């Protein structure tokens, strides 16, 4: 295929020539997009590219914000100038006092002199005195502090406010542009990018970019300004000491940078592991009925836990690195103190180059510079995370779609006949390039005709329909419409000419009327009613309480398969399309409904092209032309009679299907609460591009094996009127999250009890670390006090002693910081893992009715597992360390402060609440501004999820723009909120920064009063103020976790509520009756039942029917009569409200749940497969033991699956993809049958078990099922008479009761409801 020639893009604007290109080039172009997507992860975007969406206004906001951040950064070095001068004033004053205390010295004429006994003055000393008014000096310095406080308040407010507003504006654009771009992508791109990852990109990744460009940016500028100016001030004041200190400072900066980078890396690994665990949880909870039916709870908990272990390891490593490097930095800082004061005091005392104030200025300037340089690394972490997140977002934004559904390019034909032709089309899906689906396909579909396409599973029928819609482009050849290559036509225009109805139709979470209106935006209510009547949907809609305003639930979950299909047909008919594509469109309808729909289709056939993929004889026979497919090629074409005479593919299919059918129209028995229609032979064999791959998430809210009505889902605002969501929320009784009492801390700690040794050692480390700050204040003030001593040797001795203490404190800090970091990381991660595991286990142990509750949707539960478990650490883990640290800090600081000056301590204590509050506010600011309006963003997230999960349907009906508009409308609320929050946060940040200067201003002013009036030593003033101010800010940082603490208690309460809940049907309980000789006798005794989520709808109304061991019972009846509900009662998904289900004479309520389910095997119409290998999916049939490979192969052979599996490259190790998306419907169904067979159950439940198979496969599988039924009790729900006519008992149900029962012959003889159903296909009333 390397140099095969293909036709491509033949009619573009400005050119009429037919261009020829090498398919190699085109295929490479296609695949390169996917490869680039993967490459994009390795090369991050440049930092300034983060601001690519900034406007002129944004640039001005950022410029002014940056200028204010620069001025704010200057304030700290400015304070050091004041502090150094003030230190010199204090020392000069104290030196004067010390000298005057010497006997024989006095102050005469502002000079200190010796006074001899004769009163003659000796003026050789010459030291000035009496000129320094310490109190007035302190007033001056206090005013300087107050002035800087005002500057910091204003600049701090502006820098944060302006940057946050600019970021909000840019993030708003980024969200809009990225969603618009994703909605433009071709379907092949979605095959290779999971919906879950894309949703994460819209939420988490964009939030991370926001963190990078919002408040972190001005804080980074501020810190860097402080850092640079600090170093410059140090060099200016004294280069010698600066060079000595600066030799150590890079190590501090490096340590801080390593922390930032390591934490970022480990967090990334940890999040990836949690994401995998989250995907497992989502898959399992979405498929809860299958998990319960096959007793997979324990296995799924183990699978979930495996991913949690990886996350735990990375979390602990992160704690170790943080603990070590935090200790390393503290150690370096204290060693730096020791070195600076030792060498600096030498320069002050011996060389006289510096004053003590200059020494303090230089030292604190360099320390301030290094610390701010290190702290800036936390911003670098946010920038790195933002860049990493932006890489995938920008790659998506910059990628050019191969098929751009919103492109204005291409022709729009004035008149369209609807003649479609395939010219030597070869095709493979982008996600499976090695599997050829269409192979040199050539066929003509004429206008005004109904063309039926038939063929076995995997022959390429539905793929051909997707190429007509231009979901994909052929690898070779071309598809033409009225002679025009469809690649030259405008894609939006093309799709408006096409109506599509799929076998598994997707309805959106809004009203029935709006769902039909999706077919045509300007459709009036009359048009909608007309279409509903044509689709035979009008009667059942009018029977609903709210008629056309009835909400269909997520994915149409409130409706049966037949009802959904009729609404989808109405949606297609309302647009009056020139081309109508029907992919098993009437498979879920009974004969009467189908006949009415076929009549409606025949009416519009004139001037329209109708292409139908079907295997019902009645559907196919009505076609003008039938085309037979085999191995991706059209092998025959003709009318029904012509093809029967030819005796080819069609003849084989008809022969197989007609065998055993007693009447021509005897297929109309259709199930009730079933999900979607008869799944036939979807051809995309083993390809993620299979026709159903985009439908999975919309069907997740109810497991494919559940065939009952579910709880109402909240609607989304993806309709023409943006207010619909709000109106619906007001009008409908949608449950809200109930208020919950916070959990007691004692119980949280009890849950963390196994880690008590780690917590104990961590608490010891935290206590020591808490004492370090007040100890620093003590030592620092002690050194300053020595400079006023008159004896130089005494000064030197005391300074050396204090320097040695600094070294000792540094070494201790290294150990205790590491101990605290490691111990609490270990205990916290183990707690999180335990909570997630127990929470997940408790979820899987709940009864199925619990999952029907809106609040317990898969999305809500997986979110609860992720967020609540992490939030519980807010009351345990590292938070305990923070609290112990702060408590020790404050206690030691208060002892020191009150010991040396209780009066000054009380004055500073007045600012304590403000200082604590400022610390809390500041810490909360620095954690980032990612707290957008949660509710509105969740709704926006629901819109993206619904749009992307159902992208094929959205693209097919051309509603991309409508989803985009709805998404953008939901973004307005958090966008407006961000402006308000920017002002609040800006003020809080400014206040948190300035309050320390205000406190210092008042404290030094009062200290200036106490020194002369009460004889307080100046070093005590420094000691008391430093101790209290530093401890207050530390307390503030601790109190900033109060919201986390409160959230933790609420999250823990939700967990404990889940753990404490006693489900009415206890899966994990070992209690209940078990017996050895399980026979399989089943008796339904006067069973009455309503679903917990729909208590006003009586589903079973006194069901009574029995089946003896080894017999087959078949349920038949119209939609909604309760057939599948009876199966759910037998599985004990629910218990009857009244009556009993008896198993071998035992009341099912008293039977052990796991024992009961282990003896039941089930095959559903839409089987749920898990994202693992074919072998593992088959083994899932029996989770009580390890199944040998021989048994797996044996089961596969019985299910007619083995040959297909062996034809795959990886055979039984082949991964089936998410929800089995890599397989066709027939292949999935056979895996499900093998899964049931390997279980070797005593009771076999077949719920439309062969409906998804083509006629050929069905016959072979039916033989396997007949064999599997031998010796087993079997309960069958089906609508093909060939499936049920040989049953021992046929029970005809209507409105929740059995109205007739007997064998096929007996019921036909009675000429009642069953006879009517068989002979006319009329529904049972």
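Yeah, the Cβs are placed from backbone N, Cα and C, and that goes for glycine too.
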> According to Swiss-Prot, do residue 58 and residue 956 sit on the same side of the membrane?
Replying inline: yes
> Which of the listed residues, 122, 769, has Swiss-Prot annotated as N-linked glycosylation site?
Replying inline: 122
> Between 270-290, 291-311, 354-374, which stretch does Swiss-Prot give the note transmembrane segment?
Replying inline: 354-374
> In this predicted model, what is the average pLDDT of the domain 'ABC transporter 1' (420-656)?
Replying inline: 79
>> A 10 Å Cβ contact count, applied to the binding-site residues 461, 1123: which residue has the minimum?
In response: 1123
>> Give the nonlocal contacts of the topological domain 'Cytoplasmic' (781-798) in its own chain as ranges (CB under 8 Å, at least six residues past its ends).
In response: 87, 90-91, 94-95, 98-99, 102, 341, 345, 348-349, 356, 360, 1017-1020, 1022-1023, 1026
> Around residue 455 (ATP binding site), how many other CB atoms lie within 10 A of its CB?
Replying inline: 28
> In DSSP terms, helix, strand or coil for residue 455 (ATP binding site)?
Replying inline: strand
> Within 10 angstroms of the C-beta of residue 1121 (ATP binding site), what count of other C-beta atoms is obtained when all protein chains are considered?
Replying inline: 28
> Three-state secondary structure of residue 1117 (ATP binding site) from DSSP?
Replying inline: strand
>> Given a Cβ distance threshold of under 8 angstroms, which distant residues of the chain, six or more beyond its ends, lie next to the topological domain 'Cytoplasmic' (341-353)?
In response: 238, 240-241, 244, 359, 362-363, 783, 787, 792, 795-796, 799-800, 802-803, 806
> Going along the chain, which residues at least six beyond the ends of the topological domain 'Extracellular' (1005-1014) come within the CB cut-off of under 8 Å?
Replying inline: 90, 93, 134-135, 137-139, 141-142, 901, 903-904, 907, 1021, 1024-1025
> How many helix, strand and coil residues does the topological domain 'Cytoplasmic' (781-798) contain under DSSP?
Replying inline: 13 helix, 0 strand, 5 coil
